[in-house]
Structure formats: structure tokens, C-alpha cells
Amino acid sequence: MRLEERGIDKLENYREQVYQTLKSLHGDSEPDLSPGWKNAVLQGVEPRNEMPLWVSVSVFSVLILAMYMGFNYHINDYSNKVFNQINMLARWEPQGQPVLETADPASLRLQQLLQTEVERGSVELVELPDRVRIILKSSELFASGSAEVQEALVPVLSKIARALETTDGRILITGHTDDRPIFTSKYPSNWHLSLARATAVANRMAMGTDLHGRLWPEGLGDSKPRNANDSDENRARNRRVEIDLLFL
């Protein structure tokens with residue numbers, strides 16, 4: 001038919017006639033189940049990758065906490081240095097000598113009562129012009145970074161307390177640390193740790209004794225070392241608690 005004159009036009013006419021005949025027999029095509037689906041798709045809101053509010057709040061809280069901890073660390077580090085400088089202005093106490101036979105009667109009495117502990121090296125007894133000093137090693141008294149008295153040393157503290165009950169005068173308990181800085185939520189500086197340790201010793205000594213009102217705890221941090229902090233051995237000697245019986 002395409003070879004005939006105007007064959008293509010005739011073919012298109014036949015197709016149109018067939019289409020109209022079929023349309024008249026079957027009617028119009030079925031409508032869409034959801035006629036408005038095209039508009040709904042076109043007008044829908046595109047999803048956006050927004051961060052949940054709780055995530056933003058959590059990140060902000062972490063940043064604030066980090067800033068606070070950093071600021072707190074620098075404040076305590078600076079205050080620790082100032083505290084040490086102030087203590088350097090104070091008069092240094094002489095190191096004293098071991099208690100001798102010519103010592104004060106109170107010193108000799110303590111020497112006799114604590115002789116076993118002195119011989120073991122758990123306790124060191126030193127006489128100064130205005131006091132007698134009992135020195136305890138912090139490495140034996142406390143775990144690292146802790147202010148809780150080790151149970152093994154509780155009997156020693158009890159014996160010291162009972163010995164001091166036979167004396168008169170105020171009892172000064174001083175905590176010392178080495179120069180290595182500490183920064184924890186509980187003890188933000190060496191001063192805080194030294195004071196907590198002195199207080200723990202005072203509380204233990206007060207249990208079951210008549211020393212209430214005589215015990216005065218204080219912390220000096222690393223401001224008054226016994227030795228230069230240039231070796232582990234010297235640092236261990238600097239970490240200590242001193243119990244001073246002040247002469248009247």
C-alpha cells in the first residue's frame with residue numbers, strides 16, 4: 001500500500017478508523033486509582049538532612065564541659081604556684097635531729113611507746129625546738145592519688161593516737177606531696193590532696209581516743225619538700241604526713 005499514491009496517508013486513515021472502532025466498543029480507558037498522585041508528588045516536601053535537637057544539645061554540653069575542665073585545670077595550676085610562692089616566703093623549719101637521751105621528756109616518752117614502729121621504719125621521730133615530729137610515709141599510708149588510709153596502717157595510727165593521749169599540747173597534722181601535679185574531679189591540685197590526707201589521718205586518730213579538739217589538719221602540697229624532687233626515691237620521701245606535737 002505504501003507503493004500506491006498517497007499510500008502512507010491511506011495507512012494512517014485505516015489506523016485511525018480501527019482505533020475509533022475499538023474505542024466505540026470498549027469505551028474510554030479506566031481512570032487512575034489516585035487521580036491526584038502527580039500533583040502530590042510534584043508538590044511534596046523534599047526530605048532534609050537535619051541534625052536532631054538532642055544531638056546538638058549533647059555536642060554543646062560536651063564542649064561546655066571540656067571548656068570548664070580546661071579552665072578549672074589552669075586556675076588550679078596557677079593557684080598552686082601562687083600557694084607555693086607564698087609558702088616559700090615563710091620561715092623554713094630546721095630538719096631536726098632524731099630523738100636523743102637529752103631530748104624533751106615528751107619526746108622520750110613517744111620514742112619509748114613507738115620504738116617498734118621506729119625500728120621497722122614505719123615511723124620516724126624527729127625533735128625540733130618547739131615540737132616533736134612523727135613522720136609517716138604516704139606511700140604506706142595511702143594508695144596513689146587516694147586519701148583513704150590503708151587498713152594495714154590503721155593500727156599504727158591508733159598506737160600513735162594512744163601515745164599522744166599521754167601528752168599535752170596541740171597536735172598539728174600536715175600533709176605533703178611531691179611536685180608531680182594531680183588533676184582529678186576530687187582532687188584538682190596537690191594542695192587539695194595533701195589536705196584530704198591530713199584530714200583522713202586526723203579522723204582516724206580521733207576514733208576511740210580523747211584527742212578531739214587537739215587535732216589540727218592542714219595541707220601544704222609540694223611547697224615544703226624534704227629533698228629535691230629529682231628522683232623517684234626523693235619524691236617518695238617528700239610524700240608524707242607529719243604529726244607535730246607542739247610544746248606548750
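Cβ atoms are placed via backbone N, Cα and C, with glycine included.
Curation does not apply to TrEMBL; its annotations are automatic.
A quick note: this is a predicted structure, and the numbers were derived from the prediction, not measured.
Sequence annotations record features per position, and here TrEMBL assigns domain 'OmpA-like' to 129-248. The region 'Disordered' feature in TrEMBL is assigned to 216-235. The transmembrane segment annotation in TrEMBL covers 51-71.
A mean pLDDT of 92 is what the model gives for the domain 'OmpA-like' (129-248). The helix, strand and coil residue counts that DSSP assigns across the region 'Disordered' (216-235) are 4 helix, 4 strand, 12 coil.
Counting residues per DSSP class in helix, strand and coil order gives 42 helix, 25 strand, 53 coil for the domain 'OmpA-like' (129-248).
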